[in-house]
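Taken verbatim from Swiss-Prot:
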- T10, F11, H18, G89, L90, R91, E99, W124, S125, F126, I127, S128, S129, S130: ATP binding site (BINDING)
- T10, K42, M74, R88: substrate binding site (BINDING)
- H18: site 'Transition state stabilizer' (SITE)
Amino acid sequence: MQKRAIYPGTFDPITNGHIDIVTRATQMFDHVILAIAASPSKKPMFTLEERVDLAQQATTHLGNVEVVGFSDLMANFARNQHATVLIRGLRAVADFEYEMQLAHMNRHLMPELESVFLMPSKEWSFISSSLVKEVARHQGDVTHFLPENVHQALMAKLA
């Protein structure tokens, strides 16, 4: 039986930190679903369709990754995808409390759904999509933090 995992997020936009996590997840699980949340309340810069397209392009080198947009409750989405593992990245201790709350709620809603926490590689441990966008808005060089296709799309959005 294939072990299916979901790595959810808004990915607005997907960064090299996200790519680091999903790449390592592909080595742990047979199939990884990069689940891109619609998250309208976060007022994303990129549409859901754009974020899905950018993530698909950025993960083409990973044969066991499927990129899917979703707007459902995570536990319901996981059940529909036949996934039993939820991957979450933890950048700092500050992330842990919120992630623990989510993990407990997801387990309440779907007892067979395990949350697995991965720390990003040191190189990416301090970045977030929000930080990258903010630096780019002020003409800072964010090339190092984004896949090339994402960097081009971000620069086009900010032009």
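The backbone N, Cα and C atoms fix where each Cβ goes, and this holds for glycine too.
Everything Swiss-Prot records as a feature, shown here on the structure.
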residue: T10; record: ATP binding site; Cβ within 10 Å: 17
residue: H18; record: ATP binding site; Cβ within 10 Å: 26
residue: K42; record: substrate binding site; Cβ within 10 Å: 12
residue: M74; record: substrate binding site; Cβ within 10 Å: 19
residue: R88; record: substrate binding site; Cβ within 10 Å: 21
residue: L90; record: ATP binding site; Cβ within 10 Å: 17
residue: E99; record: ATP binding site; Cβ within 10 Å: 15
residue: S125; record: ATP binding site; Cβ within 10 Å: 14
residue: I127; record: ATP binding site; Cβ within 10 Å: 20
residue: S129; record: ATP binding site; Cβ within 10 Å: 25
Of K42, M74, R88, i.e. the binding-site residues, those within 10 Å of T10 (ATP binding site) when Cα atoms are compared: K42
Cα-to-Cα gap, E99 (ATP binding site) vs K42 (substrate binding site), nearest whole Å: 17
Binding residues T10, K42, M74, R88 (substrate) - maximum C-alpha distance in whole Å: 18
Separation of alpha carbons, H18 (ATP binding site) and R88 (substrate binding site) (Å): 10
Cα distance (Å, whole number) from I127 (ATP binding site) to M74 (substrate binding site): 24
K42 (substrate binding site) versus I127 (ATP binding site) - Cα distance in angstrom: 18
S125 (ATP binding site) - helix vs strand vs coil (DSSP): coil
